[in-house]
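These come from Swiss-Prot:
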- K93, E113, D114, I115, I116, T117, T118, G119, G120, S121: 5-phospho-alpha-D-ribose 1-diphosphate binding site (BINDING)
- T117, R145: orotate binding site (BINDING)
Amino acid sequence: MDIEKIYKEHGAFLEGHFLLSSGNHSQFYLQSAKILEFPWIAGELANELFNVIKNAGIEFDSVCSPALGGILAGYELAKSAHKRFIFTERVDKKMTLRRGFSVSKGEKFIVCEDIITTGGSALESAKIIESLGGEVVAFAALANRGFCAVQNLGNERKESCKLPFNKPLFTLGNFEFDIYEPENCPLCKTGSVAIKPGSRGN
């Protein structure tokens, strides 16, 4: 499956000057919502991702995603696997588990995102699950921004990845493009202003 082709065909691979949820800047942005608005495509991607996870021998009971971007990807993965789905969300900038969701002691989870950049939000969700007695057995996403090592793709881990070393990450593909700290952004130096299309703070 050519995940980059799918993103480009559906207008989900954006070019411009973007302020990422991490606070850094990039010339490119992956807007997964443009793909996930088509349920049949979301289902196909989730089926493919579940097969990757299953073929790796990973067994799990439930899927958890950080809101907002990860919800549809995680829900579809849980649907493909016939597993329970819950999500975490930010309240006053702190990731929390609400809405009556619970975690059983020893319950095995996959934390699923639409896109993994550094993995910060996924890690926050994982810490909540583990604090409640659950076990995170793996991370998953439709695509990886190239910073974290993906078990099924064999790419190298970079220093900015926040995911734990001892938990595998599974995705359908890598998108690798430059990310800049605001003070070193070449786009800013041309007078361009970064726009924020994504998650935190919106």
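Yeah, the Cβs are placed from backbone N, Cα and C, and that goes for glycine too.
Annotated features, which come from Swiss-Prot, shown on the structure.
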{"residue": "D114", "record": "5-phospho-alpha-D-ribose 1-diphosphate binding site", "Cβ contacts under 8 Å, 6 or more apart": "S32, L36, G69, G70, L72, A73, A141, L142, A143"}
{"residue": "I116", "record": "5-phospho-alpha-D-ribose 1-diphosphate binding site", "Cβ contacts under 8 Å, 6 or more apart": "A122, F139, A141, A143, N144, R145, F147, C148, L163, L169, T171"}
{"residue": "T117", "record": "orotate binding site", "Cβ contacts under 8 Å, 6 or more apart": "L20, S21, S22, R145, F147, I179"}
{"residue": "T118", "record": "5-phospho-alpha-D-ribose 1-diphosphate binding site", "Cβ contacts under 8 Å, 6 or more apart": "S22, R145, F147, C148, S160, C161, K162"}
{"residue": "G120", "record": "5-phospho-alpha-D-ribose 1-diphosphate binding site", "Cβ contacts under 8 Å, 6 or more apart": "S22, K162"}
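Counting every protein chain shown, 24 other Cβ atoms lie within 10 Å of the Cβ of R145 (orotate binding site). Here the binding residues for 5-phospho-alpha-D-ribose 1-diphosphate are K93, E113, D114, I115, I116, T117, T118, G119, G120, S121. Their largest Cα to Cα distance works out to 20 Å.
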